[in-house]
Amino acid sequence: MYTPVDPKVDFVAQERRILAFWRERRVFEQSVAQRAQGKSYVFFDGPPFATGLPHFGHFVPSTIKDIIPRYQTMRGAYVPRRFGWDCHGLPIEHLIEQELNLNSKSDVESYGVSAFNAACRSSVLRYVKEWQRTLTRLGRWVDFDNDYKTMDVCYMESVWWVVAQLWQRKLLYEGYKILPYCPRCATALSNHELNLGGYQDVSDPAITVRFECTSVVPGSPAAREFCAAASWGSASLPAHTCFLAWTTTPWTLPCNAALALGPQILYVLIEANDEHYILARSRLEFYYPDSSAYRVVWEKRGEHLAGIRYRPLFSYPVFGQGPDPSVQGDSEEGLFCTRVADFVSTEDGTGVVHVAPAFGEDDYEVFKDAGISIQCPLDAECRFTAEVADYQGLFVKAADKAIIARVQKQGALFRREQISHAYPHCWRCASPLIYRAVHSWFVAVEKIKDKMLAANASICWQPSHIRDGRFGKWLVCARDWAISRDRYWGNPLPIWRCVHCGATDCIGSRTQLYERSGMLLEDLHKHVVDMVTIPCACGSVMRRVPEVLDCWFESGAMPYAQQHYPFEHATDFERYFPAHFISEGLDQTRGWFYTLTILAVALFERPAFENCIVTGLVLASDGKKMSKALRNYADPNEVMDRYGADALRLFLVRSAVVRADDLKYSDEGVKDILKTVIIPLWNSYSFYVTYANIDGIDPPVCAKVDGMGQAVTRLATHLNNPLDRWILSLTEKLVQDIACALDAYDVSKVADPIVSYVDQLNNWYIRRSRRRFWKSINDEDKRCAYNTLYCVLKRCVLAIAPVVPFITESIWQNIRAADDVQSVHLADYPVCTPMVRDDALEFKMETVQRVVSMARAIRAQCNLKVRQPLKAMQVITRNPMERSALLEMEEDVLDELNVKELVFHEKEDEIVEYRAKANFRVLGKELGSKTKRAALSIERLSSAEIQEILEGTTLYLDVDGDRLELTEEKILVQRIERESLKAINEGTLTVALDTTLTEDLLLEGAIRDLVRGVQNLRKERGFSLVDRICLRVFSSDQDIVCARKAYDLHRSYIVGETLAAHVQWARVRDGASAVYVKSDAVLWEVSIDKA
């Protein structure tokens, strides 16, 4: 006997019981240990920060990161699942700064680096318990006890080894480049971090500035073009001519060094209001909408205008060139003259770009090889330094107003406006970033770019477009990676520099540091290693450079550092690298996926992972980003406590988010999965257990459902009922579909087969087989029904266990055989048995279901419920296989639709008349202006002619002398039902119902309504499925004649359907309560009692 099943189970409470079962029996640990001799399957888990609580963005990859390892484990693989924590970097530093009220780097240093790092260490894992509790509640199996932390000394040492390897391979260098810089965090960021913080719309001042031309550089293109030396004032070069340059960063004007022109852009010199300006021809209309307001003097391409000198707006010593930098340098290599650059565009502004090489990557490239010393006159918090004396100490963005005022006072302000544009912000503190020239240490990514592209080509991405799309394109444009940060709580960059000769060296281990310094350290953090000095060959000492590593470098090194490689696992590293599988969100194409790839290729010339599932972004239901401030989403823990984790998991993997698209989350989606999958599956299981207990059925002969499916094959050979063979075939299809999807790492194809299968099992197989379980005789057909339902339930549970682990465990615990493993997650995954698949039978049942669906649609249109019998259904099909299927399964069709007769016709025109209209979308391409005349001819086609076209015969029409070949796709066919018939067409099938209702049909429908009412009454009274009843039936006075007639005709049907031991035509006894059941023909009066 099975434990009785509550059909109204509390899934949330049940899931908590399963969690307790897993915990007490250590089922996860068993699942890993029992496969220890199996093939090793490597899974890398990207380390999250534990400084915040998990949210929906973590739930999507976490679900996938549970499904795949569960599946691989059931397939026999050894799959350790070690969790990890990202402990260093800006996230925790920013949090601690807020808590300690430290507002700048100077505040941190005043507080003390050692104390600050101690505060970071003590707080970095503050939400670990919440993470463990939440992910465990989701059903995710992962090893928290053996987790790795990026702040552990062994992890940090392996990261040092990685840095040393890059150093030895000449892939690490020190440089000075333009990088995005956070003034709040006072450190540079990598280009790949820009997308992590996102772009926000901001309003900035945009000004157009006059730069007055003074002369031309001898030998320059401009000198050749104008045949001028140093003078400016000829007819073609009027005095006081100005270039108009546009900028959205007025604060960079004190550092202006040049004006950039597009070499192929057409520029004009115009005269307007006795003034002369040079700007791009295509931008004239924006600045001068009235063309009569100016006169064009000449037009020239930018390449001919290089070398025109202009008067600088400011003369601050920011270029190391002396008091008058405008006269320094040879020809056009000097400052304050025009230069050509390919980055100049005419999408906005004037087509003339103000160049400040200390504040723009393109600007910096203009002067990269000019031999001019570029200085950045900003301090660590982006305030002007003494070089820009007038604005010293002022934050650059705050200086905009004063600088604009000064430009206006000088008469150089041509136009001022306010613009809104997208601007990058810091990914941790959300401050606007500043592009500025900074010192940093770089990984020479561009040297290995081709190898990275080759590695990417070997990776299986899901969705596949990521490989050559978002990730591949990012790799094509990959630039050297700035890995140093001017911060405190991080892994120190292990490079020492001599204070005297400047020699540098990289340390790759604690042992090497001990050998060089005599100090063996158990903590490698900044406040410790900064105290360690190393003797230099020159006789002086080497001190560590001050920077720490980008935390993304540490997460990219996790394949090696989590194993303490190469200090441990040096001989069996191939067992742990590369990963067979990883999964994270789309943003990690710029983050973890990228850093993993860089380091794996740099160290081993291979990818770090073989398969990657990329997920999209989970948005609130209104399409906005989920926000605590806006309160526009539910806590995911509350969702699980309302609907259960299984429903949430299946909802997520069925959504677009697993295809790297955005998901607008709504509780309704989870609720729908609960109603359409979880509850129906439970009902199927409940049905089996309930009737098996009634009949005393123990687990059938096929109880041991082994992975190879021999028992299923044996069962299939003994089944005669098509329904049994069909659901068995469909179960094997489910197994095959899920396995194929998971083998291909395409989780987007996992959910739909489950949804479809549960619907077929519950709403077709069990419903169509219900009478076989009801009957009192335990004959062969009944035994086959039990064996089949048991077998398919068990194989279904095994197949979907990785996806919905809770409900499958609950079912398994009750229906497993005595010699089965104690948990479904310790079992082998079922292997599809091709011999059991029956494609022909699946097609036949699909055809039956199509016809049933079409006929039900007709009933709905005519307001005819299925309990109302109908005389006949007419069917026409142009597919002989469909006709054969319907003939073979005619009894099922008639019973399902409550129709007395199934009539086949050869031609559709036997039940409908045709009318046709032109398909303008198709004909318009062929006939053009003659289409309307062809349409008139098509509307005059007879029903017989249209029938010929539908049967494949080609007709021809004469359209103004042109011969039109008329085929089915060129016409739109309307079907007009003949009298009393209602028809519907779908592809090769046409179905019609005779909706005429005779007295006998109406009476039989009334009896079916009566039976339905009695069944509902049994449920309301709490009667069991086997309880026999005493039934009294009567009717209202006005219906009594037809009611009694219906009762007499169908009394035996009433008895059989309601389990009535006694049935009487009589009024309800005095004192008893009557229930009234309404049908279209009769108002029934009913009372029941247990027999």
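Backbone N, Cα and C atoms are what each Cβ position is placed from, and that goes for glycine too.
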(request) With Swiss-Prot as the source, identify the stretch among 48-58, 664-674, 1016-1026 annotated motif ''HIGH' region'. (result) 48-58
(request) From the ranges 165-169, 460-464, 625-629, 680-684, grab the one Swiss-Prot calls motif ''KMSKS' region'. (result) 625-629
(request) Sort out the residues at least 6 away from either end of the motif ''HIGH' region' (48-58), same chain, that have Cβ-Cβ distances under 8 Å to it, and list them. (result) 85-87, 91-92, 95, 123-128, 130-131, 134-135, 585, 617-618, 626, 633, 636, 665
(message) Within the motif ''HIGH' region' (48-58), count helix residues (DSSP H, G, I), strand residues (E, B) and coil residues, in that order.
(response) 3 helix, 1 strand, 7 coil
